[in-house]
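**Q** I'd like to ask some things about the structure below.
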Amino acid sequence: MEQHIYLIGMNHRTASIDVRECFALTEHCSKDDWAIPLIKGIQESLILSTCNRVEILAVGDSNTPEIILSAWAKVKTRSIEELVPHTYTYQGRSAISHLFCVASSLDSMVLGEPQILGQLKDAYKLATIAGASKTILNRLLHKAFSVAKRVRTETSIASNAVSISYAAVKLAKKIFGTMNQYKAMLIGAGEMAELAAMHLMQAGIQQLKIVNRTYSQAQELASQFRGEAIPFEKLVTYLAEVDIVISSTGAPQTIIHFNDIKNILSKRKHYPMLFIDIAVPRDIDPNVHQLDNIYLYDIDDLKEIVEDNIVQRQDEAIKAKHIIQDEIDSFCAWLQALILQPTIVDLRKRFSTYAEEELERTLKKIGPVDRKTREALETMIDALIRKLTHDPISYLKCAHRTIDTNHITLARQMFNLDKIPQTNKAVNED
């Protein structure tokens, strides 16, 4: 069976946050989401779901994209017609290139941001635990990690790199100006919250409150930044005391509702509040922006803020893409050998079988020959086999640089290779 590498996904360029949150595949969602790797017909897979993208990397036959899209829509209880217009599909070399760009943060909203590599490593860990990442994806993901490291080492793409959290705090400064007279709350205690806390403290925020479902994690983060840890169940109570709220949880649904905010406005005497929701799915009810003196921004609203960052890093991105092309060639050479080897072995075996049969038939006709003559005949036959198989093998190696197995199928049919008894056959996957 022919196998190919596919990457099917959506990101901040192809889908708005309204769409991305509908199709997010987070750990907090139904376990069925993570059953996608185990669907019949897909040999290997990995799911990467972040605030800006959902991507499924897979090894399978030509039906793989359709299988994945159908399963994806099904686990999110949506129609495939709602999903497909916002997705992209890459195959073979294009899929590998896209993955390497993602790992190196060349495809991120914030060019050069460091979070995506950690998120990809987490996704790989989940795939290995599920038994979904095997020979090809194991090699491909480790190559992606080394590519990202090389890009960061050999270019300045990550120098003074900003993050989504940085952009969120920059937006707060743009709206409020001097920060030293305001109080802030962070909802979530992960890496994005930690970065936001750091930038808020650097901006001079007067007071910082940390809320998280796991209270001990809120305490740990609060201790790093002289903040106050708040139990999750008291979130709404303490909202009235802060001016800026940055939320970045992995919750599967809204945690701050319209009425929550409406009810605290009178306590604040309608003093303005800024909410920055960088979670996908969103943590804060989008309708909150309808309330007077409430300013709500989501992750898509941060695009303008990071445009300067993209312009400043374009030259380094060009250098990074050259590195990526080199590494694609390296991986494809390994993949080519993995996929081609069984066919090359079978081709030589087929010619050797024919040659041995003809040699024995000829020797029976001419009668016994001495050892020296037999060795000479065998040497001649070996040389003839090498010459006869040289051009077909060279063609296969040259054609396979596109990571397309159609020519392998043709060669196997042409030389009737699938009827050769197989022993210890190498993995034939793309």
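Even glycines carry a Cβ here, placed using N, Cα and C.
Keep in mind that what you see is a predicted model, and the values were worked out from it rather than measured.
Below, the features straight out of Swiss-Prot:
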BINDING   Thr50, Cys51, Asn52, Arg53, Ser108, Glu113, Pro114, Gln115, Gln119  substrate binding site
ACT_SITE  Cys51  active site, nucleophile
SITE      His98  site 'Important for activity'
BINDING   Gly188, Ala189, Gly190, Glu191, Met192, Ala193  NADP(+) binding site
**Q** Relative to the mean position of the Cβ atoms of Gly188, Ala189, Gly190, Glu191, Met192, Ala193, the recorded NADP(+) site, which additional same-chain residues have Cβ within 8 Å?
**A** Leu186, Glu194, Leu195, Ala196, Leu221, Ser248, Thr249
**Q** Neighbourhood of the substrate site (Thr50, Cys51, Asn52, Arg53, Ser108, Glu113, Pro114, Gln115, Gln119): other residues with Cβ within 8 Å of the Cβ centroid, in order?
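**A** Close Cβ neighbours, site residues excluded: Ser105, Met109, Val110, Ile116, Ile164.
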**Q** Do you know offhand how many angstrom separate Ser108 (substrate binding site) and His98 (site 'Important for activity') by C-alpha?
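**A** Pair distance, Cα basis, whole Å: 11 Å.
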**Q** Let me know the DSSP-derived helix, strand or coil state of His98 (site 'Important for activity'), please.
**A** helix
**Q** What is the interatomic distance between the Cα atoms of Ala193 (NADP(+) binding site) and Pro114 (substrate binding site), given in whole Å?
**A** 14
**Q** Drop a 10 Å sphere on every Cβ of the binding-site residues Thr50, Asn52, Ser108, Gln119 and tell me which sphere holds the fewest other Cβ atoms.
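**A** Fewest other Cβ atoms within 10 Å, among the binding-site residues Thr50, Asn52, Ser108, Gln119, is found for Gln119.
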**Q** Highest Cβ count within 10 Å among the binding-site residues Pro114, Gly188, Gly190: which residue is it?
**A** Gly188
**Q** In which DSSP state, out of helix, strand and coil, do we find Gln119 (substrate binding site)?
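**A** Gln119 (substrate binding site) sits in a helix per DSSP.
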**Q** Including all protein chains displayed, how many Cβ atoms other than that of Ala189 (NADP(+) binding site) lie within 10 Å of its Cβ?
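**A** There are 25 of them.
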**Q** How big is the Cα-to-Cα gap, in Å, between Pro114 (substrate binding site) and Glu191 (NADP(+) binding site)?
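**A** That separation, Cα to Cα, works out to 10 Å.
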**Q** What is the nearest of the recorded positions Cys51, Asn52, His98, Gln119 to Gly188 (NADP(+) binding site), using the Cα of each?
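**A** Going through Cys51, Asn52, His98, Gln119 one by one, the closest to Gly188 (NADP(+) binding site) is Cys51.
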